[in-house]
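Annotated in Swiss-Prot:
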| type | residues | note |
| --- | --- | --- |
| TOPO_DOM | 1-14 | topological domain 'Mitochondrial intermembrane' |
| TRANSMEM | 15-45 | transmembrane segment |
| TOPO_DOM | 46-59 | topological domain 'Mitochondrial matrix' |
| TRANSMEM | 60-87 | transmembrane segment |
| TOPO_DOM | 88-227 | topological domain 'Mitochondrial intermembrane' |
| BINDING | HIS161, CYS196, CYS200, MET207 | Cu cation A1 binding site |
| BINDING | CYS196, GLU198, CYS200, HIS204 | Cu cation A2 binding site |
| BINDING | GLU198 | Mg(2+) binding site |
| MOD_RES | TYR218 | phosphotyrosine |
Amino acid sequence: MAYPFQLGLQDATSPIMEELLHFHDHTLMIVFLISSLVLYIISSMLTTKLTHTSTMDAQEVETVWTILPAIILVLIALPSLRILYMMDEINNPSLTVKTLGHQWYWSYEYTDYEDLNFDSYMIPTQELKPGELRLLEVDNRVVLPMEMTIRMLISSEDVLHSWAVPSLGLKTDAIPGRLNQTTLMATRPGLYYGQCSEICGSNHSFMPIVLEMVPLSYFETWSALML
């Protein structure tokens with residue numbers, strides 16, 4: 001979950017987000033080592049009188065600083081490509097939910113059910129109950145079963161939007177006339193918050209997303225009540 005004044009990433013709730021966190025740490029360590037090396041070299045050149053500051057040609061050095069960055073880029077690219085393919089892979093989803101962005105709310109349709117759809121609007125600040133989050137609560141949450149592969153079909157009715165839930169590692173553009181898809185699977189129950197992540201007009205900040213991940217039995221009860 002997110003915390004006030006949080007500096008790091010949110011706790012991972014899906015396998016994809018776990019992979020993204022590991023990749024972030026992996027890449028950050030490489031950047032830290034490179035920055036430390038560059039800082040050390042600059043400090044040495046400024047403090048050591050024996051440094052060759054007027055060298056015009058050094059084939060060995062040029063070879064090293066060509067091969068070494070190439071190796072580093074490969075070490076970054078390989079895990080990145082692996083995660084990219086994992087994010088696009090959808091194997092036998094148990095449930096499909098169609099999401100449409102509007103100015104300025106979301107519509108959801110459970111395509112596996114005959115008539116299960118609703119709109120999701122932000123709850124105004126003056127109507128919030130004690131303990132609810134400002135600018136993040138909605139009148140209709142998206143209830144989904146946990147530990148099951150779910151396919152989200154995402155599009156827009158008007159302008160560009162972006163459907164994003166950070167703790168699940170999700171961010172997919174909602175484009176008018178185009179149907180994008182992504183997959184999600186939560187490893188534990190709970191409420192997961194997101195927001196529209198593409199500037200879409202004056203009320204862009206008032207398009208929250210709330211996913212309520214529950215056990216399958218609870219989801220079946222909820223869907224029966226909604227029909």
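Here the Cβ of each residue, glycine as well, is placed from N, Cα and C on the backbone.
Fair warning: this is a prediction, and the values are worked out from it, not measured in the lab.
Structure with Swiss-Prot features highlighted.
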| residue | record | Cβ neighbours (10 Å) |
| --- | --- | --- |
| HIS161 | Cu cation A1 binding site | 30 |
| CYS196 | Cu cation A1 binding site | 25 |
| GLU198 | Cu cation A2 binding site | 18 |
| CYS200 | Cu cation A1 binding site | 21 |
| HIS204 | Cu cation A2 binding site | 17 |
| MET207 | Cu cation A1 binding site | 27 |
| TYR218 | phosphotyrosine | 15 |
Listed recorded positions among GLU198, HIS204, TYR218 whose Cα sits within 10 Å of HIS161 (Cu cation A1 binding site): GLU198, HIS204
Counts by DSSP class (helix H/G/I, strand E/B, coil) across the topological domain 'Mitochondrial intermembrane' (1-14): 0 helix, 0 strand, 14 coil
Neighbours of HIS161, CYS196, CYS200, MET207 excl. site residues, C-beta within 8 Å of centre, Cu cation A1: GLY101, GLN103, TRP104, TRP106, SER162, ALA174, GLN195, SER197, GLU198, GLY201, HIS204
Listed in sequence order, residues not in CYS196, GLU198, CYS200, HIS204 with Cβ within 8 Å of the centre of the Cu cation A2 site Cβ atoms: GLY101, TRP104, VAL159, LEU160, HIS161, SER162, SER197, ILE199, GLY201, MET207
Between CYS196 (Cu cation A1 binding site) and the residue listed as 'phosphotyrosine', the C-alpha gap once rounded to whole angstrom: 27
Tertiary contacts of the topological domain 'Mitochondrial intermembrane' (1-14), as residues 6+ beyond its ends and Cβ separation under 8 Å: 20-21, 24, 166-170, 184-188, 190, 192-193, 213
For MET207 (Cu cation A1 binding site), the three-state class that DSSP assigns: coil
